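K.L.:
I have a structure here, written as structure tokens, and I will follow up with some questions on it.
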Amino acid sequence: MVDKEYPSINFQRLISDESCGSAVLEESCFYLQAEILNQLPSSLAQQNIHHQHQDRGTKETLISGEKHPGQARGASNRASTVPLKYLPACMQRKRELRDLRNQQRSTIGRWESWRRSQSINMRRLGEHVGGAISSLLPWSHTLHSIEGRFGAGVKAYFVFLRYLVYLNILRGLIIGGTILTPTAMYSRNNWGLQTFQGNDSLLDFFLGSGFLERSPVFYGFYSRGSLELPCFNTPLLFLLGTLSVFILSLIMVVRRTVVGYKHTWLLDNRYNIHMSFKVFCGWDFCIQDPEVAAIKLSFIRNDLKSYLEEERFQLRDAMRTLMERLRLYLLRVFLNILVMALLGGAFTLIYYATLLSMDQQHNWFLSLLFQYLPPIFITLANFTLPHIFRWIAVFEDYSLAVQVNTTLVRSIFLKLACLGIYLFFLIKYIKNTETDQCWENQFGKEMYKLCMFDFLTCFFKAFFVSYPVKLLVSRHPSCWLARLLGQQYFLIPFNVLDLVYGETVSWVGLFYCPLLPYIGTAKLVAVFYIKKFVVLQCCVPAQRMFRASSSSVLFNVMLLLGLIMAAITLGTNLHRFVPSSGCGPFAGSKTVFNVTAVCVDVLPRPAQTAVRYLTSETFFYFLILAQTVLLTSYESRRRAIAKAIERLKDMLVMTSSDKHFLLKQNTLSLRRQRKKSKSPAVAPGSEEASSTPQTLTPERPL
């Protein structure tokens, strides 16, 4: 009978129509289900384990103490020092634990009491120091304000910008220790202030020529100096500093990418507890400032809007028919062909701009214009095409996060490819020149001009485009131009691409312009305040929010691609081209790497053998094989852990299903028992009710 009443189990619904029928009221059914749920053996066992974990820090168990006295004492000591605010217990339970701990201090001895108090004090000191250090981080208040008004996505951009500032500072310290300091101590050049000469002008600051070309900004200023030890000389330190910057940047970028990917993977839909966490645990009850409370409320609202937007898109995508999906796929193929055609046209324009920039002009204005012609075309392509890609992504009908990521991928390919094509033709032009013209300075000046033009573009776009548009829209909203332009939104993909492009230029020109990290640090700090002005004064919050976790990982992946491209470009230059004979620390060498060969030759015979083996192809084969085995083992462990997680999830679902099934069965049995207990009291009334018609039957007509 029971099997017929409950043919299927729906564990997602706590109350069924069959279990809560007409005989029992809805309120009593809720009460009975809650009462039975608390009486289940699994619930009782969980409550017992919960209380045992709470009492473990204050009460010593005699049985475990007799069996394992050292282990029980260690666990008790560790648990007794856990702060009460971290224990999952109510306030009454925490008060009881506090009283028990106070009573226990009189029985554990002076030494143990002093040790526990010191442990608590050290932990509190660590918390205060950590809070003080986090408050000392630059722009923390600004980031919280931006997050509250514009969401976590815009904040992720500024956090990424701050990380690049830290990275540039670290690169500057390495360059200062390995290149600038030895050159200042042992160089024969004048490190005083560079004076203007007859041919110098203010345009040299933008072109990198004149007095800047004679300064420590570029490669040609540095020389071998008086430091001439075989394994400790200026060329070797110059090469070591450059390689150290690339290796350290690779480690930091890869680490940040991996950590972000792990965080994103854990917050995937398979383990999505974000919504319930934000609703029940998202508010900070320690907030007392109304302004901070408003920012926190806005942040929670924006975060919930982003998740609801994704849920709405997934529901709409699940309702598509087969014909709708087929038409959508054909449209996406056509739009991707259009994207490739736009990229090809941009590359062709950059090619012709690079050829025109090689021509020498006598007029100063034409000379300035033609030398900045490739950066101008690169900037125009990078400014217009990403907006076209954004509209194309809208027609492709992806979710908002996928639209942002797709635009990012296409735009970063555009930026890196434009830069790569420009560097290719620039290297081809330099290869045809003579080596005594210090081609390293020429390459460094091109990277310097790209860096300067990137900053100038950011400055003029903020104060001569965004701010006037904001004034027009706010003061004359009825104007047709204001309605055409509309409100401005902070477009995260394009701003991130500008940062990645600037860092790639800085990495490429590091060897030929050693002061580029310092220039990049000053530039990024200025960009932070410019973008802060644009966001807070010129932009409005976007209507559609997206999750910033996956986009933050994509930011770091794009930065990693830029680093790899810079390393390939620099390695190609150092390997193919002979250093100039008239400038630089490597003057007179056939290749840059000859300085390492001279150092290896003076080492002892076993050290020479070891170094040559470590740089041979055989060692790299074994290294690749070891990496393959290691990656295979980690992949196997990942798959095994994923299967174990899936099995545990299935067990959790089945356990929940069993609990709800038992709950319904016990509710039905209690309802039947109550009916049976009420049946003797209802029986006399029923007899009286049945006797009344019997007395009236003779009066009815036949």
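Backbone N, Cα and C atoms are what each Cβ position is placed from, and that goes for glycine too.
For reference, TrEMBL lists these features for the protein:
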type	residues	note
COMPBIAS	688-702	compositional bias 'Polar residues'
DOMAIN	438-549	domain 'TMC'
REGION	669-702	region 'Disordered'
TRANSMEM	163-186	transmembrane segment
TRANSMEM	236-254	transmembrane segment
TRANSMEM	329-352	transmembrane segment
TRANSMEM	372-395	transmembrane segment
TRANSMEM	407-427	transmembrane segment
TRANSMEM	447-469	transmembrane segment
TRANSMEM	481-501	transmembrane segment
TRANSMEM	507-530	transmembrane segment
TRANSMEM	551-571	transmembrane segment
TRANSMEM	618-634	transmembrane segment
K.L.:
Can you see whether the transmembrane segment (236-254) and the transmembrane segment (372-395) are touching - at least 3 CB pairs under 8 angstroms, only pairs 6 or more apart in sequence?
P.N.:
no
K.L.:
Cβ under 8 Å to the transmembrane segment (507-530), counting only same-chain residues 6 or more beyond its ends: which ones?
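P.N.:
Here the qualifying positions are 139, 158, 161-162, 164-165, 168-169, 171-172, 175, 179-180, 216-219, 222, 241-242, 245-246, 249, 419, 423, 440-441, 443-448, 450-451, 454-455, 458-459, 462, 499, 562-563, 565-567, 569-570, 573-574.
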K.L.:
Report, as numbers and ranges, which residues of the same chain sit near the transmembrane segment (407-427): CB under 8 Å and 6 or more residues beyond its ends.
P.N.:
339, 343, 346-347, 350-351, 354-355, 374, 378, 381-382, 385-386, 389-390, 393, 443, 446, 450, 493-494, 496-497, 500-501, 504-505, 508, 551, 554, 558, 561-562, 565, 569, 572-573
K.L.:
Which one of these stretches, 329-352, 447-469, 551-571, 618-634, has the most C-beta pairs shorter than 8 Å to the transmembrane segment (372-395)?
P.N.:
329-352
K.L.:
Over the domain 'TMC' (438-549), work out the mean pLDDT and round it to an integer.
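P.N.:
Average per-residue pLDDT within the domain 'TMC' (438-549): 86.
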K.L.:
How many of the residues that make up the domain 'TMC' (438-549) does DSSP mark as helix, as strand and as coil?
P.N.:
85 helix, 0 strand, 27 coil
